[in-house]
Amino acid sequence: MGLSFTKLFSRLFAKKEMRILMVGLDAAGKTTILYKLKLGEIVTTIPTIGFNVETVEYKNISFTVWDVGGQDKIRPLWRHYFQNTQGLIFVVDSNDRDRVVEARDELHRMLNEDELRDAVLLVFANKQDLPNAMNAAEITDKLGLHSLRQRHWYIQSTCATSGEGLYEGLEWLSNNIASKA
């Protein structure tokens, strides 16, 4: 009896660890998002060549977030980060209408990789504070998210600089990764 209570207690209250890969085209706001979540403040960023990795604590979950550079020359390196990824955050610059097709192509190329078949997908429709930004419904359409029948996905409108929508996204990730465990 005591052992089963201990198991239940630890399952409810033990800190869970989740591996998250955050990718997207260059200048989408990935690094700004990472450090807004980690530090609660805006940091000055430069284009990421390589990666940043931080642990973000949220509720009783420890997210290890890998923020990988998005410049076209280094996108082939993304696949080296796929292994053991439980959640994929794909960040889109909602104001960048010229490159949304490129973003869609990169996303679908990644989702076809076998190592990501079990990862849930969270799309951050970032830069919602800009006046010409596409809303989440438009981004959903342009990224072809409705065609992802075998994938558990969600889109969240965000503004990395204000933090708006970021924790709602983590909430969705925590609920949906935990339910797959």
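Just so you know, glycine gets a Cβ as well, placed from its N, Cα and C.
Residues or ranges marked as N-myristoyl glycine in Swiss-Prot: Gly2.
For Ala27 (GTP binding site), the Cβ neighbour count at a 10 Å cut-off comes to 17, with all displayed protein chains included. What Swiss-Prot lists as GTP binding site is 24-31, 67-71, 126-129.
When the binding-site residues Lys30, Gln71 are compared by the number of other CB atoms within 10 angstroms of each CB, Gln71 has the fewest. In the three-state DSSP classification, Val68 (GTP binding site) falls within a strand. Every protein chain shown contributes to the tally, and the Cβ of Gln128 (GTP binding site) ends up with 21 other Cβ atoms within 10 Å. Under the DSSP three-state reduction, Gly24 (GTP binding site) is assigned to coil, being neither helix nor strand.
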